[in-house]
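K.L.:
My questions will all concern the structure given below.
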Amino acid sequence: MHLTLPKLSQEQFRLGASFYMLCVLGFNDASLGGLITVMEPYYNVNHAIISLVFVFTTVGYVLSAVTIGMLIIKLSLRYTLLLGAGCFATAFALLCWAPPFELLCASYVVLGFGAGIQDAGTNIYVAGLKRSSEKLNLLHGFYGIGAFVAPLVAAAILASGIRWNFYYLVTLGLALINIPLAYFAFQTQQGNLAEQQDDQQQNNDDGGKMLKQVVLKRATWLTAMFLLLYVGAEVSIGGWIVTFLVTVKKGDPDKMRIVASSFWAGIALGRFVLGIPTVRFGERRMVALYLILAAALKLIVWLVPEIIADSVCIALVGVVLGPMFPTAISVVTKLTTKDLHATTVGLVSSLGFAGAAIFPFLSGVIASQQGIWVLEPFALSLFVAMLGLWVALPRQKTPSSVI
């Protein structure tokens, strides 16, 4: 008897490749907060100096945000993703041998650029598929899975006495797989949004003009700011919650690391479970509800001294935060004309992921001055600002009159 494996369609292959790439991105993003605690004494620098790695990562993300649209026009989505995957793996190849601090910082610029390109490229592809909102939730659910696993792997490596940089050997191995995936999965088609933008190039030889059109739209900047705050809140909570629970709530460090993983597990669960209800009951209405629930849950974590209740609430915060990023991507594509979708999605998603570098850095600076207790009101303020930005988004109009 021969076992016959089902053949994957090209679309299924590309979708699976996109899922894997986002999973590796989540694996990278959720690890840095834990590694910094051992990188600081290794390089003999203080907290403010080691936090510069967040700043340099942001530089890479911003570079990817302003170039993604033009790269797709010039290279196609396939080779743009290949470029991002190559930069991503190159950064880990440098980091895994614990380079001098100056080269370490430069490596994080390359890392941020490669991560931003892959994040934007996969979002562009999936946003162009049928039932894109549900598939975007699945895409970012895999990001949550990677983020859930990463702290456990990092903790196991550090607990075994293995030096911190060997963690990046693991990420290097995972990132190298992205290169053949990008090359083979996207070889025949670029995906709907990329195709639409490529068609637009026939009437617009200057990719910079297209970028200018995108940045002049109010919906673009409102969505980009929303995602910047969202990712910032997500990574700040995931990166600092262990310190908060140990310092303020007097929790056991080993058990609190499990709580941190439960937050990322909640992110993944929310994206897998709440994606369909979010579309069914209205994306705008449901995201506003999720933000109100997240704020209420964080208020409990801040004010209630019972650590078990706090731990449950932290996991639930992850659940309600889960669907927000993919839903925002879905909404912004409905607020822009089709010929600008690829540049718009690339810009807002890359700028959004820059929040993973900016806000953990700000959280650390504020916490070092005022105390780690400020994490909760800081997160609350981000949720309130996100709600304001979400409400301010223009309503969907006909394609010819999109704001």
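Just so you know, glycine gets a Cβ as well, placed from its N, Cα and C.
Pasting the feature list from TrEMBL:
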- 14-397: domain 'Major facilitator superfamily (MFS) profile' (DOMAIN)
- 12-36: transmembrane segment (TRANSMEM)
- 48-73: transmembrane segment (TRANSMEM)
- 80-100: transmembrane segment (TRANSMEM)
- 106-126: transmembrane segment (TRANSMEM)
- 138-160: transmembrane segment (TRANSMEM)
- 166-186: transmembrane segment (TRANSMEM)
- 219-246: transmembrane segment (TRANSMEM)
- 258-276: transmembrane segment (TRANSMEM)
- 288-308: transmembrane segment (TRANSMEM)
- 314-333: transmembrane segment (TRANSMEM)
- 345-366: transmembrane segment (TRANSMEM)
- 372-393: transmembrane segment (TRANSMEM)
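Describe the structural context of these features.
P.N.:
With a cut-off of 8 Å between Cβ atoms, the residues of this chain six or more beyond the transmembrane segment (12-36) that come close are 50-51, 53-54, 81, 85, 88, 111, 115, 118-119, 122, 125-126, 129, 135, 138-140, 142-151, 153-155, 158, 164, 167, 171, 174-175, 177-178, 181-182, 184-186, 189, 191, 235, 238-240, 242, 264, 353, 356, 360.
Panel annotation: around the transmembrane segment (48-73), residues 32, 36, 39-40, 80, 83-84, 104-106, 108-117, 119-121, 124, 190, 194, 197-198, 201, 207-208, 210-211, 214, 342-343, 346-347, 350-351, 353-354, 356-358, 360-361, 364-365, 368 of the same chain, lying at least six beyond its termini, place a Cβ under 8 Å from a Cβ of the stretch.
Sequence-distant contacts of the transmembrane segment (138-160), counting only residues of its own chain at least 6 positions beyond either end whose CB sits under 8 Å from a CB of the stretch, comprise 18-20, 22-31, 34-35, 38, 122-123, 126, 166-167, 170, 238, 257, 260-261, 264-265, 267-272, 275, 318, 322, 325-326.
Within the chain, the transmembrane segment (219-246) has long-range Cβ neighbours (under 8 A, six or more residues past its boundaries) at 29-30, 32-34, 147, 151, 252-253, 256-257, 259-260, 263-264, 267, 307, 310-311, 314, 317, 321, 324-325, 328, 331-332, 335-336, 344, 347-349, 351-356, 358-360, 362-364, 367, 372-373, 375-376, 378-379, 382-383, 385-386, 389-390, 392-394, 402-403.
Distant neighbours of the transmembrane segment (258-276): 26, 30, 133-134, 136-138, 140-145, 147-148, 150-152, 234, 237-238, 241-242, 245, 251, 286, 290, 311, 314-323, 326; these residues of the same chain sit at least 6 beyond its ends, with a Cβ under 8 Å from one of its Cβ atoms.
Long-range contacts of the transmembrane segment (372-393) within the same chain, counting only residues at least 6 positions beyond its ends with a Cβ under 8 Å from a Cβ of the stretch, are 219, 222-223, 225-226, 229-230, 232-233, 236-237, 240-241, 243-244, 247-248, 284, 287-288, 291-292, 294-295, 298-299, 301-302, 324, 331, 335, 359, 363, 366.
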K.L.:
Give the one range among 80-100, 106-126, 166-186, 288-308, 314-333 whose Cβ atoms make the most pairs under 8 Å with those of the transmembrane segment (345-366).
P.N.:
106-126
K.L.:
For the transmembrane segment (106-126), give me same-chain residues lying six or more residues beyond its boundaries with a C-beta closer than 8 angstroms to one of its C-beta atoms, as numbers and ranges.
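P.N.:
Same-chain residues near the transmembrane segment (106-126) but 6 or more away: 14-15, 18, 21-22, 25, 28-29, 53, 56-65, 68, 71-72, 77, 80-81, 83-92, 94-95, 99, 132, 135-136, 139, 178, 182, 186, 190-191, 193-194, 329, 341-342, 345-347, 349-350, 353-354, 357.
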K.L.:
So if I exclude everything within five residues of the ends of the transmembrane segment (288-308), which remaining residues of that chain have a CB under 8 angstroms from its CBs? That is, six or more out.
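P.N.:
Here the qualifying positions are 245, 249-251, 274, 314, 316-317, 320-321, 323-324, 373, 376-377, 379-380, 383-384, 386-387, 390-391.
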